[in-house]
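Accompanying notes for the structure given below.
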Amino acid sequence: MASREEEQRETTPERGRGAARRPPTMEDVSSPSPSPPPPRAPPKKRMRRRIESEDEEDSSQDALVPRTPSPRPSTSAADLAIAPKKKKKRPSPKPERPPSPEVIVDSEEEREDVALQMVGFSNPPVLIKHGKGGKRTVRRLNEDDPVARGMRTQEEEEEPSEAESEITVMNPLSVPIVSAWEKGMEAARALMDKYHVDNDLKANFKLLPDQVEALAAVCKTWLNEEHRGLQLTFTSKKTFVTMMGRFLQAYLQSFAEVTYKHHEPTGCALWLHRCAEIEGELKCLHGSIMINKEHVIEMDVTSENGQRALKEQSSKAKIVKNRWGRNVVQISNTDARCCVHDAACPANQFSGKSCGMFFSEGAKAQVAFKQIKAFMQALYPNAQTGHGHLLMPLRCECNSKPGHAPFLGRQLPKLTPFALSNAEDLDADLISDKSVLASVHHPALIVFQCCNPVYRNSRAQGGGPNCDFKISAPDLLNALVMVRSLWSENFTELPRMVVPEFKWSTKHQYRNVSLPVAHSDARQNPFDF
C-alpha cells in the first residue's frame, strides 16, 4: 500500500504534456505538440519525509520525496476519453482601426490650372484654389487634415467628421488673377505702346517712384497729337509735361492699388491759403499774418531789368547814385510782405524758422490769390469745397527724387505773383468765358518756380542746386484736367486720386546750413595702405 502511494506521489507528467498544476488535455494526448520542447527545468530539491506503513505502525522509514505542491487527483486515459471536451473561448474581436483619410491626387490638368492656393481660416477651414483662367474653387478641408485638426477643440474632436463638400465659384469677369504690380505694369505698357515711347525707357520701366520720365513721354506724345499749339501762361513746356507725368503716375498707382510709404507721386498739396478773404491781409505757409516791410531794389541802368523797370514802373523807379557813386535804378516798395520770423532779417535773407515766403508787392500778391479762386469757381461752379484751396507743388526737379537730403536754401518751390500786362485794356463785355474773365478782373497769376531759382545775369546764392522749374497755378490745374482726359480715352474707369492737404512741418523750414553729402564708393577700404 505504501509503495502504491509512493508511485502515485512520484508520478510526474511527461515533458511537453502539460505542467504539474495543469493536467494534459485530449489534444495533448492525441497529438504531439508542434511547439519545440521547453527548456530543461532546473533540478528539483528533494526533502526527507517520514512515511508510516499500515503493517508496522511503530516502525517508520524515510523516503526521498520531490518538493512539489500537492498534486491534483490524477485521471487516467479512460477517464480523459469519457470526459466532455471543454469549449474554447472565442477570442474577443480586435477593435477596428479608424480608416485612413482618403488621399485624392489631383490630376495633372488640375495641377497646371492652379495658379494660387491658400487656406481660409474659417470654422471649418476651407482650401481656396485660384485657377489661371479665373476659376475659383472652395473645398472644405477634411477634419483629419492637420490644418483642420489644429483648429478643433477637444469637444469637437469627439464628434464624427462630416464628408467633404466642394463649392465652385466662377469669376464673373473671367479675368485671370494678377498682382497689383502686374496690373499697373500692364496699364503702363499699354500706354507706352500706344504713344510710341522710346524702347529704352519702356524696357527699364518698373513702376518705381523715380521713373516719371517714361510717363512724361506718354503725355508729351498725347499733347502733340490731341492739343497741338497749347497756350501756356508763365509756364515752360518741360515743366508742364513733367507735372502731367506725375499726375499720370498717381493715377496708375491708384488704379493698381500700389502705394509707397515715403513717396507721394504727385508731389503736390492743397493749401487753404485764406489770402483773399480780408482786403490787405496775406498769410504765409505757417498760417500767420505776413507783416509789412520796406523793400529797396537797385539795378544797373544799362541792364535789361533796369530798363524794364523804368518802362513798366515809371512811378516807382528812379535813377540814383549808390554808395559807390554809380548810377542805378532804385525801386522802393513800402508794401512788401514777409514771414513773421523774418522781421529782423534784411531783404532777401531768411531765418532758420522761416517758410521762405516773401512778396515785394503785397497788393499784387492778393490779386493773384483772388484770380486763382475765381478761376476755380468758374471751372467747378457746383463744387461745395475746394474754391479756397491752392494746388501747389512741393517739389521741383531739385528735390523730386525720393529720399533726398535737405539742401541749402528754400525747401519748397518759390511762390511769386506775376502781373498780366495790358489785361486792363480788355473789354469784359466781349468775353463770355468765366475762366477768362477771372484773369481780366484780377490781372495777376501765381507762378511756382524752382526752390532756389537763379535768374539771368545773376549768380546763384550759396551754390545750391537749381533747375528751370516754372509753372503757373492755372496751368498746374490744367495739367491735372488733361491727364484725366488722357486716362478716360484709354481706360473705362477713372480711379480716385487724392491729393493730400498741406500742413506745415519743420522739414519745410529755410535751411541756412549746408550739410555734407556722401557719395557711394564700391571700395571696401577708403585708402590704399
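Glycine is treated like the rest: Cβ placed from N, Cα and C.
Remember, predicted model here, so these are calculated numbers, not experimental data.
According to Swiss-Prot, the region 'Disordered' annotation covers 1-107 (among others).
Per Swiss-Prot, compositional bias 'Basic and acidic residues' is recorded for 1-17.
Here Swiss-Prot flags 125-166 (among others) as region 'Disordered'.
Here Swiss-Prot flags 129-139 as compositional bias 'Basic residues'.
Per Swiss-Prot, the feature compositional bias 'Acidic residues' maps to 155-165.
According to DSSP, TYR195 (phosphotyrosine) sits in a coil region rather than a helix or strand. Around TYR195 (phosphotyrosine), the same-chain residues six or more apart in sequence whose CB sits under 8 Å from its CB are ALA217, VAL218, THR221, TRP222, GLU225, listed in sequence order. For TYR195, the entry in Swiss-Prot reads phosphotyrosine.
Taken from Swiss-Prot, the feature Zn(2+) 1 binding site applies to CYS284, HIS286, CYS339, CYS355, supported by a large-scale study or a structure entry. In the three-state DSSP classification, CYS284 (Zn(2+) 1 binding site) falls within coil. Listed in sequence order, MET290, CYS339, VAL340, CYS355, MET357 are the same-chain residues six or more apart from CYS284 (Zn(2+) 1 binding site) with CB atoms under 8 A from its CB.
Model confidence over the region 'Flexible loop' (297-331) is summarised by a mean pLDDT of 85. According to Swiss-Prot, the feature region 'Flexible loop' maps to 297-331, an assignment based on sequence analysis.
Sequence-distant contacts (6 or more apart, same chain, Cβ under 8 Å) of CYS450 (Zn(2+) 2 binding site) comprise CYS396, GLU397, CYS398, PRO413, LYS414, ASN466, CYS467, ASP468, PHE469, LYS470. Secondary structure from DSSP puts CYS450 (Zn(2+) 2 binding site) in coil. Residues or ranges marked as Zn(2+) 2 binding site in Swiss-Prot (evidence: a large-scale study or a structure entry): CYS396, CYS398, CYS450, CYS467.
Taken from Swiss-Prot, the feature region 'C-terminal arm, DBP binding' applies to 513-529.
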Number of other Cβ atoms within 10 Å of the Cβ of CYS398 (Zn(2+) 2 binding site) across all protein chains: 19
Fewest other Cβ within 10 angstroms of its own Cβ, chosen from the binding-site residues CYS339, CYS355, CYS396, CYS467: CYS467
Sequence-distant neighbours of HIS286 (Zn(2+) 1 binding site) in its chain (C-beta under 8 A, six or more apart): CYS339, VAL340, HIS341, CYS355, TRP504
The region 'C-terminal arm, DBP binding' (513-529) - residue tally per DSSP class, helix then strand then coil: 0 helix, 0 strand, 17 coil
